[in-house]
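Accompanying notes for the structure given below.
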Amino acid sequence: MSTVRYAAPGRVNLIGEHTDYNLGFALPIGLPQRTVVTFTPDDSDAITASSDRADGSVRIGLDTAPRDVTGWAAYVAGVVWALRDVGHQVPGGTMSITSDVEVGSGLSSSAALTCAVLGALKTATETATATATGSRLDRVEAARIAQRAENEYVGAPTGLLDQLSALFAEPDTALLIDFRDITVRPVPFDPDAAGVTLVLIDSRVRHSHAGGEYADRRASCERAAAAMGAATLRDVQDRGLAALSAVTDPVDLRRARHVLTENQRVLDFAAALKDSDYSTAGGIMTASHESMRDDFNITVPQVDLIAETAVRAGALGARMTGGGFGGVVIALVPLDRVESLSATVRGASADAGYDEPTIRRTHSAAGATAL
Ligand code: ADP
Ligand code: MG
C-alpha cells in the first residue's frame, strides 16, 4: 500500500470575533504555515504516530475511544475515533507529522493537525479501495468530524471556524463564513497588489484564564438573546441595535452589542475587500478592536498598546484576533511603512516593560490538500 502525504494550514481570523457560537459571521484566511502528515497504511490494527514537535511515537489502536490517548497524539486519535464513529473505514499504519504552524499562539495548529490527519486517512482509504465507496467527505462534513475529534476526544472546546478555515482556504482569498447555515463564500483578499500588507504582531501574552472567560461571554450572549425573545443573537441581527433596549443587564447588553456590531463589521469588511478598499477595511478592523476592548472586554493592556501604536504608526487599521486575553494583533499596513511601524511597536512595548512582540508579514494561502 502506498504512502500518502496531506497538508493543512494554520489560519488567522481577519474579523468576526466571538460570533461563531452566536451563529453570526467571521472572515478568516489560511496561512502559508502548514502541517504535513505522511501516512503509510498497513494491515495492522493500530496507527503509530510521531511528530517533529514531540519525542518518541505513540500507538493508537483503531478501536480507540475518547480519552484513551492523551497529550498531542489525542488529536490524531480523535480523528481516528470520529471518522470511525460516523462509519468511515480507517486503516492502520505509520504516520509522521511535520509542521511550521506555531503551537498555541492562536494560529490554530490543532485544526491544521486534525484536518491534515483526516485528509491523509481518507486519501489512503480512497486509494486502497478500487471503487469509490460513496464515503467521500464533503468539506463541511470533514470540518465537523475534525471538530468532534477536538471537542469530544481531546475535550477542547472549539467552534467550526478553525476547521473550515483549514479546509476551505485559498490563495488571495478570505472566507466569509455564515455560522447559521455553515456556508463559506470566497472574498478576494490580495492587499499586496494594492501596496498594503497584512502584518501579524504576536504579543506573546498567552491566555491563561480564557476557558472561564469564554464560558462567561457565551452565557451573557445567551441571556441577552433570551431577554430579546430570541434563541440566538443572530435572530435579532436584522432588528438593529434598538432591539438591545430589552436587555436590562448592562454587562449582557454590552456583550450583545459587540456581537451585533461585529457581525455587521464582518459584512462591511467583506464589501470593502471586494472593492480592494483597504483603507475602509482598516478602519473597520480598528472599530472591531475597540468593540472587543470596551464592550466585550476580552483585550489586555499589551494587545491594546500594540493595536493603538500600530494605528498611530501608520497602519490602516489593527485589531486583536482570536479568543482574547493575549495572542496576536493583525494590522493592514502600507508596504512602505512596515519597517518603521515594526520599530515603533517594539519600542512602545519595551517602554511599557512588556515582552518584545514578534512581527511578521503574511498572506492568505492554500487550504488542505493532498501533496
Ligand atoms: P492552537 O491555537 O495552536 O490550535 P491548541 O491548544 O488548540 O492551540 O492546540 C495546540 C495543541 O495541538 C498542542 O499542544 C499539541 O498537543 C497539538 N499539536 C498541534 N500541532 C501539532 C504538531 N505538529 N505535532 C504535535 N502536536 C501538535
Ligand atoms: Mg486550537
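Cβ coordinates come from backbone N, Cα and C, glycine included.
TrEMBL lists 6-40 with the feature domain 'Galactokinase N-terminal'. For 75-168, the entry in TrEMBL reads domain 'GHMP kinase N-terminal'. Residues or ranges marked as domain 'GHMP kinase C-terminal' in TrEMBL: 270-344.
Taking Cβ pairs closer than 8 Å, the domain 'Galactokinase N-terminal' (6-40) reaches residues 93-102, 106-109, 111-113, 115-117, 119-121, 123-124, 159-162, 164-170, 173-180, 187, 189, 198, 200, 217-218, 221, 225, 232-234, 237, 258-259, 262-263, 265-267, 269-270, 284-285, 288, 292, 296, 298, 319-324, 328, 330, 362-371 in its own chain, all 6 or more past its ends. For the domain 'Galactokinase N-terminal' (6-40), the DSSP counts in helix, strand and coil order read 3 helix, 23 strand, 9 coil.
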